[in-house]
């Protein structure tokens, strides 16, 4: 029976949807999404180029920023094929295995981003609370080990999801809510019992996103305690300013992520456009805003951008 279910699942396909409830605005929404893609991809490539070229940026904080930019590119390229197919080329059908593959990479990069943001909060904690030990604690080797650990953890978390779905029979109209494949969307479709899928999904959300967010919060409590011990108000503000970019990155990632998870689990009967809007914010906004935030708030990156702009004018 398990083999039969797998064969049936492999033979089916899913229909991706755009914005049928906003038919009059669909062309403008498509243009907006393509613009967000362009900003995300070009912005993150630019961040990587600047960090590679600028020797002064070869330090742990910017290594983690490089990881974040690579991860944001991964998020963008994971959703791009089906978004283009569904909205621009009007070919919304996608094969079962292709959909599971896309789902794997979307969630893999999401979990990886959470781990990178946690590593960046640890970087800020060491830099502010133990500045004399910064170079000895965050060596290049240790940063590399942290990056590899984040990737392995994300892979192990997401790896069971496609197999848990492949064991289920699909006999309904396999129409997805979005123009890409997400696990909360896919577990609505099987005819069989999806309790295990739902419980495992909730488990990894709590054990990864939940633990990461709590540890990030703890790191900032410790940072704030250390900052308040500084006598000069000017020095306090200067120190806190080094954390602003990371705090913004944390908020634009976790707030939409928690919102989309809660909507899928506890507001299943909400209008379809609510699910779509929350999902778009979750997947499209962080990769677009991260390079903008770090370009504006990081003096070294801002200087390099200014130099590049002057050269193009000359």
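A Cβ is built for glycine as well, from the same backbone N, Cα and C atoms used for every other residue.
Note that the structure is predicted; figures quoted are calculated from it, not measured.
Looking at 9-27, 85-103, 104-122, the range tied to transmembrane segment in TrEMBL is 104-122.
Long-range neighbours of the transmembrane segment (240-257) within the same chain, counting only residues 6 or more positions beyond its ends whose Cβ lies under 8 Å from a Cβ of the stretch, are 68, 110, 113-114, 117, 120-121, 124, 127-128, 209, 213, 216, 220, 223, 227, 278, 281-282, 285-286, 289-290, 293-294, 297-298.
Residues 61, 64-65, 67-68, 71-72, 74-75, 78-79, 146-147, 149-151, 153-155, 157-159, 161-162, 180-183, 204, 208-209, 212-213, 215-216, 219-220, 246, 249-250, 253-254, 257, 283, 286 of the same chain lie 6+ residues outside the transmembrane segment (104-122) yet bring a C-beta within less than 8 angstroms of a C-beta in it. Cβ atoms under 8 Å from those of the transmembrane segment (28-51) belong to residues 18-19, 22, 57-58, 62, 65-66, 69-70, 72-73, 75-77, 80, 83, 87-88, 280, 284-285, 287-288, 290-292, 294-295, 301, 304-305 of the same chain, restricted to positions at least 6 beyond its ends.
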